[in-house]
Amino acid sequence: MSSNADEESLTHPLLLLRSTSNTTSQVAIVGSNLCPIESLDYEIIENDFFKQDWRTRSKIQICQYIFMKWTLCFLIGIVVSLVGFANNLAVENIAGIKFVVTSNMMLANKYLVAFAVFTAANFGLTLFASVITAYISPEAAGSGIPEVKAYLNGVDAPGIFSLRTLVVKIVGSISAVSSSLHIGKAGPMVHTGACVAALMGQGGSKKYRLTWKWLQYFKNDRDRRDLVTCGSAAGIAAAFRAPVGGVLFALEEMASWWRGALLWRAFFTTAVVAIVLRAFIDFCFTGKCGLFGTGGLIMFDVTSANISYHLEDVPPVFLLGIIGGILGSLYNFILDKVLRIYTLINEKGAAYKILLACSISIFTSGLLFGLPWLTSCQACPADASEACPTIGQSGNYKKFQCPPGHYNDLASLIFNTNDDAIKNLFSKNTDSEFHWSSILIFFVTCFFLSIFSYGIVAPTGLFVPVILTGASYGRLVGMLIGSRSNLNHGLFAVLGSASLLGGSMRMTVSLCVVILELTNNLLLLPLIMLVLLVSKTVADVFNGNIYDIIMKLKGFPYLEAHAEPYMRQLTVSDVVTGPLQLFHGIEKVSNIVHVLRTTRHNGFPVINEPPVTESPILFGLVLRAHLITLLKKKAFLPTAVPTGIDAFNQFTSGDFAKRGLGNGDKIEDIDLTEEELEMFVDLHPFTNASPYTVVETMSLAKALILFREVGLRHMLVIPKISGRLPVVGILTRHDFMPEHILGVHPSLLKSRWRKLRIRFPCWDKIF
């Protein structure tokens, strides 16, 4: 019985294992903790109060609103670029000191001491990163890209953009990347950029006395969404010094809604990042940036004036794409299984999370220190472009245990930061520098260490490890092809990175531009396009992209851009569940309090009935947050009569503005007397009188497209025939989830259309 349960836990979505009932509030794994999640209110609430507020705004206030949008984008670019530069500089110097001390011990033939220093340093850095993540901000664990992508789709996961998450993300990423774990800092930089944007766009803070009136314009989810999109683009731009690639990454992978004005602001934000980074890089060229900070940010300049390729070079590139697609899908498959196992461990408590992270660190340190002993030393080339062997700095020729005049090629890759290892693999005119056996060992090591390192409780990224793994296997393919191709091994490494990125992450346009900006070589464009298209096509046959897999594991209710074919067989009335909670236009206070305390719904239909109207009609939709505000302000009436214009004198727009980071008022915090509970509230001025509605006979597929494209949180279902209750039910994000639909209609499981994907039963038995 227990074995069947364990097997089920490794093959089914984690969300289904935790909540099989149909509830309006879903749960997701946020920072290895189970948390309730809600949707965001991207729709403009067009009630009378909103209309009155906008009618009273002057042209100056509108100009201030536009000016503040661009100002915040500028500030996001400045802050993210500063964080990116500080992050890189800290990693280079912390890891550099560790490698120099270890190398000095090796030079003195103190091998055991060197191993102890190397392992202890890595252990301490990993322990620090895991402790602050587990106890201060578990939401900072992982890359953060799935969380940001879900947020931009409308999922409000708690705590992912808090100030403590930002601090832990920055500090923890520096510590974890410096610990020689096979993780990257690009993913955490995307989350960092999104955090910076969300904090700037939360409308000020009374706690920190940031109550500037201009900031109040951004107290809504719609503007915060745009700022977070710009922040995620800035994160990629800062990580890879790729401004255009950052914009395209946000467009292709992150954002669910896009428009021309947002494109301009995102481009402006990444341009600011590029300019600031360029200034810092010029400063670092003077040698004032520490031990390894001489040029700094990740840039694999493989420019060569005489790069040429012919038709006979296309088949090897095509082969790289096929291999990259297969390896990328295998990478995603194994990572999926490993993350499920890690989740079972992490659920046992913070101590188990930290123990897992430290165990991975010790295993990684022992492996990295021991593997170079398996390879033979190589004589330094006579025409080496740098000192050989390299001592006390980064470089292509690490001495390790070799005699004078020789270097260890595997140690040259392992005893460097991941960025420097990629530079070594991408370097031109180095075809004879590495032995094929060393590259093979390094590829296998990177492939599995990056998988086992990702799920620990620390800020970890996948971009750089995938680039490094792809570069190693690409260079290996170049070695095997040899002189039968005009491409050098460094270019094969670049194309290998592109193929594995395409096979794992399934992006094409943005990855193509990012790699071109990394390598500073436009001549590679046709080959990179080809290898990305082939690898993505091959990988799509097996499974989905890595970030979608992680989102599904975490239980985020992400709405896809397309509808499943079986949704055409259903109407919206087939998935609407009850009971439906209604309010009248003038409602008794006690009824409102009872409904808010007994349900977790965030939107309620408001209807008018006789004698207010001749027949029952749907007046609109009122939000839970607005009802709580009315109760908190005690805007009550002694009798059931309309308030008219008095509501505009009693409230301000700031009273209904959404607080940042989900810190809204709760119904449990409101105390009312027995006399107040018998009073009434006029809901008409605060009700959205023009909500999105669909007729009950509309297909579920058509409703899904409308729901996602408009960015809704609630969609009212109205009857097709008059004479009934004016509203049938409310559709929310949860109603469009396949788990809910197939749970309500299990007969669709047999007829459910599935993507053409090849499955290997033996893989499921092994993993």
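Cβ from N, Cα, C; glycine included.
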| Which residue range, 151-173, 174-196, 289-311, is the one TrEMBL calls transmembrane segment? | 289-311
| task | Tell me, roughly as an integer, the mean pLDDT over the domain 'CBS' (686-747). | result | 89
| query | How about the transmembrane segment (354-374) and the transmembrane segment (111-136): at least 3 CB pairs under 8 Å, pairs 6 or more apart in sequence, or not? | reply | yes
| query | Using DSSP, what's the helix, strand and coil tally for the domain 'CBS' (686-747)? | reply | 23 helix, 12 strand, 27 coil
| query | Are the transmembrane segment (490-516) and the transmembrane segment (227-251) close enough that 3 or more Cβ pairs fall under 8 Å, when only pairs 6 or more apart in sequence count? | reply | yes
| Under 8 Å, at least three CB pairs between the transmembrane segment (522-542) and the transmembrane segment (67-91) (pairs 6 or more apart)? | no
| field | Same-chain residue ranges lying at least 6 outside the transmembrane segment (111-136) that approach it to Cβ under 8 Å | value | 31, 94, 98, 101-103, 105, 164, 168, 171-173, 175-176, 178-181, 350, 353-354, 357-358, 360-362, 364-366, 368-369, 401, 456-459
| said: Against the transmembrane segment (490-516), which of these stretches has the most C-beta pairs under 8 Å: 67-91, 257-277, 317-334, 439-469? | reply: 317-334
